[in-house]
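Here is what Swiss-Prot records for this protein:
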- Ala134, Arg135, Thr136, Gly137, Ser138, Gly139, Lys140, Thr141: ATP binding site (BINDING)
- 21-35: compositional bias 'Polar residues' (COMPBIAS)
- 639-654: compositional bias 'Basic and acidic residues' (COMPBIAS)
- 669-684: compositional bias 'Acidic residues' (COMPBIAS)
- 865-893: compositional bias 'Basic and acidic residues' (COMPBIAS)
- 903-915: compositional bias 'Basic and acidic residues' (COMPBIAS)
- 916-934: compositional bias 'Basic residues' (COMPBIAS)
- 121-293: domain 'Helicase ATP-binding' (DOMAIN)
- 361-515: domain 'Helicase C-terminal' (DOMAIN)
- 1-57: region 'Disordered' (REGION)
- 334-358: region 'Disordered' (REGION)
- 639-688: region 'Disordered' (REGION)
- 854-934: region 'Disordered' (REGION)
- 90-118: motif 'Q motif' (MOTIF)
- 241-244: motif 'DEAD box' (MOTIF)
Amino acid sequence: MPHRAASPAMSENEFDITGALFQNDSDSDNEQPSAKSKRQPPKKVPSQALDFLGDVNEDDDDDEAFIAEQQTSANRKASNLKGRTVKKGGGFQAMGLSANLLKAIARKGFSVPTPIQRKTIPVIMDDQDVVGMARTGSGKTAAFVIPMIEKLKSHSTKVGARGLILSPSRELALQTLKVVKELGRGTDLKSVLLVGGDSLEEQFAMMAGNPDIVIATPGRFLHLKVEMNLDLSSIRYVVFDEADRLFEMGFAAQLTEILHGLPANRQTLLFSATLPKSLVEFARAGLQEPTLVRLDTESKISPDLQNAFFSVKSSEKEGALLYILQEVIKMPTGPTEVSQQRKEEDASAKNWKNKKRKRAEMEKAVNMRESPTKHSTIVFAATKHHVDYLYSLLSEAGFAVSYVYGSLDQTARKIQVQNFRTGMTNILVVTDVAARGIDIPILANVINYDFPSQPKIFIHRVGRTARAGRKGWSYSLVRDADAPYLLDLQLFLGRRLVVGREFGDQVNFAEDVVTGSLPRDGLSQSCEWVTKVLDDNADLAAQRTVAAKGEKLYMRTRNSASLESAKRSKQVVSSDNWTSIHPLFQDETSNLEAEREKMLARIGGYRPPETIFEVNNRRMGKHENVDALDTIKRVRTTLESKKKRAQANEKSEFLEDASDDEKAANEAGENENEGAFSDEDDDVPTGVADNMSMASDSELEVTFSSYSQSKENKAKKASAASFQNPEYFMSYTPNNNSLVEDRAYGVHSGTNSNFAQASRSATMDLAGDDGGRGFGEARTLMRWDKRHKKYVARQNDEDGSKGTRLVRGESGAKIAASFRSGRFDAWKRGNRLGRLPRVGEAEAPNLTAGLNAAISGKRFRHRKEQAPKRADPLRGDYEKMKKKAELAKERAMSKAGGAAPRGKSELKNTDDIRIARKLKQKRREKNARPSRKK
């Protein structure tokens, strides 16, 4: 019987697959292929679904790859989305995403992809490794979540997680989980959150339930990997969110062990707002021919963000903070509108007779809509001691405050952040734990109470506001000691430095670095109030003392500013404009008020030329304190000699610099290839400005070269430029790369950011054959711990163990011995579980219950029903309890359909009958046994 002709009907997605079913365009079995024609396998297309654990069959793989490619092309058609307006030129519809994912994206509120999403999503869909950098608030989370959901598609019944997202902080991981759930609607993908502070037993149950996506922090994920002996060979999609923070020294031990267990054929993605151009610092990530996408390298921060920097003294920081909150932001005191509304609802619920159970109130609190107020402000402090102190101080001032720091309990952290998100509080005081990735809608202001020591920390802090096209403000308190860091930030951003009112009205807070002081009257009133509160409140004064001690340790361990900025900051701080009124208050103060402020500032900075001993000696004419006078004279003589030598050195250096600059300018003018820097920005030094030229995205040079800002090297480069042929000359330093920017973006910042300095400190220790000491300088293995008053091992400082016992992991790196505590084995015994399924095997249905309960949030709901207690006639509320018991009985009767409680069924099944027959037979044999008595 001949085969019927091919059906002309199109397939469901409007494309015909008969071309793949029949070779040589034959539509039926009647046509015989020619003898010369050979069977050509279809062109293999990279699979869009990460299901590599299936049966290995080449023909099936080819068919699946072809169908996946056709499905992707069909998804790109505008006709696939009926009744929707399709934007031309690179919308989400043109990326080949499925209909369910497009609906979730539209439900999320995304209409047009952001630049980072438009650049990275197609590359990720082509199974390439990506290193992506874009400014804060540009949609980097959706840039890697959308292709992950498209690749995973649906839940796999085979054991093994396929996606892994690592985040440096718990709040960022929680936020990523929320985005994954919102974009994963319409799919049955299962995702879990593994962060520190949560119950290990619950996380054991979730991991045993075979999740598809794991969102975790490195420490807790490594703990579960070692404790449960997890096999990570099934993971095909790895994301390092905020990669520059993850690859710093704090996470070195965790990442080494985690990366060792990941398969080599995985797809690796690195995302952050501050990534260096040199990828050598991420060599441990195992990138394979990555695509580097660096956007917004010139802007770095949002153009909608306006910045203000206030010069204050150390004793005025608390008063300055209160003045900014009260007068600049206009922060209201007392409870917020949301909290008042909540109290009214609670009061009405108490008056309601048939009020619901507390569980319903808890659900209502959890499901509250995130609606921060227009006054929502984040205050960044240096240490957790500062956070506690500022929380108490601002609460004393009447503000609604929340606080978060690293060592806070995880449940408390969730509650505090949720209160701020829902508008229960207006102020969130945090350390840098919340500086990365936290996306709080309608956040209006950011205050840097302690100025950051690195420019990239400043970028992440102020990036919490002015997100997704909204406006925002950042206010920073700058002391005299913080001025070098301010100049480093100004050079990094490449913006003009405006000190005081030197430029008059021509100030742009979004494009300039504008500094100045706060109005003296309001600042002095706030400082007086703080002093009064500290005198009246002993607990607050004790917290301030602890914060001062913590600040000493923080100042000792923070990174140092550049030498050029330190020299330049002395001139900036000593100028009169440093203490002048900030241009932000130009409308409020007249010129006469500005002169008054200058006079008060000069009086405040007055230093008497004589000491009290010299003044008394000159007035009284007596020589009572001869020893003190002699000591002061010797000190004064020494200081004067040092000052003269310093002035002479500065004069000689100035003359040398002027001559070197003149020579370099003359020789550089002869060379046409050397580009001259624009003179529009007088605040940026010429040498630094030459190094701040932006590089193109396609360049991927990896450089270890060190750069010196000394005048001698500049003169040598300028003199050598005469014989350099630009067509053949290859410099050992990059010409177009901004070294200032790369140093600020560096992962190992501080002293180890320079390769030359790091190479000097690198040593190779060889032990002698006889075990004796060598001739070289022996390295001290112990150091003195000032806090604990004892010697501790230096190795503990390097690996972060701080004296805890260490064991060797699979990669050879040292990990904490507490990771192998045996709690997982105890959990299995407690739940009566035997051997768990391995990677590649089918999942066990009884193990998925824990994961499903965790996803639905029903872990803590009890189902037990008990009869109410009998009312006690001797109690005063006897009638009330009696009515309550009667209502409970009526509710139980109505629940059972009005009938009496059903008894146990007496019908026997086959097993019961079989067991009963066996017992009856045993009794019969026992009764028929003859008696032993004779």
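Every residue, even glycine, has its Cβ placed from backbone N, Cα and C.
With DSSP states grouped into helix (H, G, I), strand (E, B) and coil, the motif 'DEAD box' (241-244) comes out at 2 helix, 1 strand, 1 coil. With DSSP states grouped into helix (H, G, I), strand (E, B) and coil, the compositional bias 'Basic and acidic residues' (865-893) comes out at 16 helix, 0 strand, 13 coil. When the motif 'Q motif' (90-118) is classified with DSSP, helix, strand and coil residues number 18 helix, 0 strand, 11 coil. Taking each of the binding-site residues Thr136, Ser138, Thr141 in turn and counting other Cβ atoms within 10 Å of its Cβ gives the largest count for Thr136. Note: Gly137 (ATP binding site) has non-local neighbours Ser302, Asp439, Gly463, Ala466, Arg467, Ala468, i.e. same-chain residues 6+ apart with C-beta under 8 A of its own C-beta. Ala134 (ATP binding site): 25 other CB atoms within 10 A of its CB, across all protein chains.
Across the motif 'Q motif' (90-118), the model assigns an average pLDDT of 89. Taking each of the binding-site residues Gly139, Lys140 in turn and counting other Cβ atoms within 10 Å of its Cβ gives the largest count for Lys140. For Arg135 (ATP binding site), other Cβ atoms within 10 Å of its Cβ number 23. Report note: the ATP site is defined by Ala134, Arg135, Thr136, Gly137, Ser138, Gly139, Lys140, Thr141, and the residues of the same chain whose CB lies within 8 Å of the CB centroid of those residues, excluding them, are Thr114, Ile116, Ala273, Arg467. Secondary structure of the compositional bias 'Basic and acidic residues' (639-654) per DSSP (helix as H, G, I; strand as E, B; remaining residues coil): 16 helix, 0 strand, 0 coil. Helix, strand and coil content of the compositional bias 'Basic and acidic residues' (903-915), in residues and according to DSSP, is 6 helix, 0 strand, 7 coil.
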